[in-house]
Amino acid sequence: MKELSIQASNHLYKVHIGSGLRHSIGSLIKGSYPQILIITDSEVAPLYLEDVKQSFSEGRVDTAVIPAGEQSKCMHQYEQLLTACIENGLDRNSLVVALGGGVVGDLAGFVAATYMRGIDYIQVPTTILAHDSSVGGKVAINHEQGKNMIGCFYSPTQVLYDIETLRTLPFYEIRSGYAEIVKHGCLDNPGLFKDVISRKLTSDIQEEVLIDHLLQGIAIKSAIVEQDEKEKGVRKYLNLGHTLGHAIESEAGYGRLTHGEAVAIGLLFAMYVSREKLGADMPITELYDWLEQHGYPLDALKSLNSSHLIARMKKDKKSSAGIVNMVLLQKLGEPTMMEFQDQELNDLLNHFQEEVMS
Ligand SMILES: NC(=O)c1ccc[n+]([C@@H]2O[C@H](COP(=O)([O-])OP(=O)(O)OC[C@H]3O[C@@H](n4cnc5c(N)ncnc54)[C@H](O)[C@@H]3O)[C@@H](O)[C@H]2O)c1
Ligand SMILES: O=C(O)C(=O)C[C@@H](O)[C@H](O)[C@H](O)COP(=O)(O)O
Ligand SMILES: [Zn+2]
């Protein structure tokens, strides 16, 4: 089992990565909780809920299952889960277990953050993408007008990552998760970026390779989060590819593209803008070819209206007074921020479509 520690503002928590951990969640948890609510989704439940439930030998364990998919990161599911907390009699000594991908993690984390003004929760990630979402403490639900608009910073007390669960992911969820690994490489480890895009992803990636990529991604993320938990400065860099990515997700309709697919298009755009505005030498063609080879839906942008996308980018959390603030790269491994007015962004988006995406 591999282990990493992350220093949050008010506690230190560990990330454990290993094979088959789901069978030992109950015994790996630090502290004792008389009452536990496991929150998961309708696709993960038949696969892993019983294993996790059985791992608890003491305490009352209740479960709540939300419909799988991005649309569940919403006010309705949030309210239903709070009702489940109340009806199951959870109190301030109870624990929420978020068993699933980023949707369950963000939603269950937000429930834990707000129920009785905050109770403990642990993340039990089951997707590759959740190497990113399970650490750092950003928890949220979406609003029709924008991703993660309602949320807070609230770190888990532990992250228990059972690598064996990743074996049941469909291929498009593997590539979705890899978009955030590519992002982490672009931000702080050009070697990781180059390693990933030199590979052909398959459904049976070697376990050692996968663990190595996940650990490198988590290490990059946690180093940034430890410096700036509440995103006053350098944490904004973790949003590379998300200014356009989030606009695509909400404009297309939540769940039409996966988060990673939208971020992948956003990464290409960030590289394109970095080249145009900073003269940066960017591996745009290499990344494009790798994404295309793996079937990322690169033509999704064509069907979306540019001015609608810009309006959505202006509502991004990094924007201020309607001025869009994008993460760019001076070179691989050297992120920076730049502000954009609508017209310039509109021109860049149109040229990007013509020069890179067509
Ligand atoms: N909080 C953060 O820092 C952060 C970081 C990155 C992304 N996110 C959020 O994470 C979400 C995306 O997360 P995701 O990609 O994990 O999506 P997800 O949670 O929707 O999971 C993807 C799909 O895979 C299924 N699934 C999950 N685990 C499985 C398994 N082991 N085997 C088979 N199927 C499985 C799910 O049921 C779902 O249908 C987005 O809402 C995004 O905004 C948050
Ligand atoms: O942890 C962060 O900080 C990130 O930006 C990681 C992103 O991958 C993630 O998608 C995050 O939820 C985006 O946050 P948001 O504040 O832009 O909604
Ligand atoms: Zn993301």
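Every residue gets a Cβ built from N, Cα and C, even glycine.
Remember, it's a predicted structure, so these values are computed and weren't measured experimentally.
Listed features, source TrEMBL:
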- Gly102, Val103, Val104, Gly105, Asp106, Thr126, Thr127, Lys138, Lys147, Thr165, Leu166, Arg167, Thr168: NAD(+) binding site (BINDING)
- Glu180, His242, His259: Zn(2+) binding site (BINDING)
- 64-175: domain '3-dehydroquinate synthase N-terminal' (DOMAIN)
- 177-319: domain '3-dehydroquinate synthase C-terminal' (DOMAIN)
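Taken in sequence order, the binding-site residues Gly102, Val104, Thr127 that lie near ligand 2, meaning a CB under 6 Å from one of its atoms, form an empty set. Glu180 (Zn(2+) binding site) sits 16 Å from Asp106 (NAD(+) binding site), taking the Cα positions as reference. Residue counts for the domain '3-dehydroquinate synthase N-terminal' (64-175) under DSSP, split into helix (H, G, I), strand (E, B) and coil, are 47 helix, 34 strand, 31 coil. Cβ contacts within 10 Å of Thr127 (NAD(+) binding site), excluding its own Cβ and spanning all protein chains shown: 26.
With respect to their backbone Cα atoms, Val104 (NAD(+) binding site) and His242 (Zn(2+) binding site) stand 20 Å from each other. The average pLDDT computed for the domain '3-dehydroquinate synthase N-terminal' (64-175) is 98.
Within the set Gly102, Val103, Val104, Gly105, Asp106, Thr126, Thr127, Lys138, Lys147, Thr165, Leu166, Arg167, Thr168 that the record links to NAD(+), no two Cα atoms are more than 28 Å apart, and one pair reaches that distance. The Cβ of Leu166 has fewer other Cβ atoms within 10 Å than any other of the binding-site residues Val104, Leu166. Helix, strand and coil content of the domain '3-dehydroquinate synthase C-terminal' (177-319), in residues and according to DSSP, is 103 helix, 0 strand, 40 coil.
Applying an 8 A CB threshold to same-chain residues 6+ apart, the list for His259 (Zn(2+) binding site) reads Glu70, Gly102, Leu129, Ser176, Ala179, Gly245, Glu249.
Comparing Lys147 (NAD(+) binding site) with His242 (Zn(2+) binding site), their Cα atoms are 10 Å apart once rounded.
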